[in-house]
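Participant: In case it helps, Swiss-Prot gives these features for our protein:
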type     : residues : note
DNA_BIND : 156-215  : DNA-binding region
COMPBIAS : 23-37    : compositional bias 'Polar residues'
COMPBIAS : 66-80    : compositional bias 'Basic and acidic residues'
REGION   : 13-92    : region 'Disordered'
REGION   : 213-249  : region 'Disordered'
MOTIF    : 135-140  : motif 'Antp-type hexapeptide'
């Protein structure tokens, strides 16, 4: 930890060379010095070397200080050099600008280099001005004629809708798959082509009539009318014949 600063007055303690003392061990009665255990071998074990002299501590120049004095000196050094004890500390100059240390600059450079090229490319792309969205003519809702509400006199007739080529192409695709649209699909098509639901409905009605005409199919409306007229004629003819038969009888 860099926050802990060692005092310059601290002297490393000096100790004498380490020597093993076996005097206490022999007094306690070790395994080899016990005559009772080694009696079967013809006598106790006698040490060849004399025991070493007792340890006498030497006087050294090191005088241990109290913990409070050491903490006090550390606090004074931290107050004099705050940047050494706190790496992230930034000194503020008189002008108000912060001075960044070399470690902070290296950290910022590493973070910029660590980014992948894809992330850097995205940042650059977001910074540029976005290109304007292209609006094609068929996307503009200008095909519906507006009726002037302040027009004097009777209400004018509804004007025809001028469908664009793109709208007609999309409607033809829908008609190719299904000649009858559901309500949900009709709303989706109207929203996609910037049309009203009624305009899509009318276009499909007209397209079905043209399709029947091209395939020479009888008109359902005309056939129902003709059926009604034929039924009425048959009824009238049947009533006339019954009246004639009654007169002849």
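Including glycine, each Cβ sits where the backbone N, Cα and C put it.
Quick one: how deep are these features, and who are their neighbours?
Facilitator: Taken as a whole, the DNA-binding region (156-215) shows an average pLDDT of 88 in this prediction.
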Participant: Using DSSP, what is the helix/strand/coil residue split across the DNA-binding region (156-215)?
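Facilitator: Residue counts in helix, strand and coil order: 41 helix, 0 strand, 19 coil.
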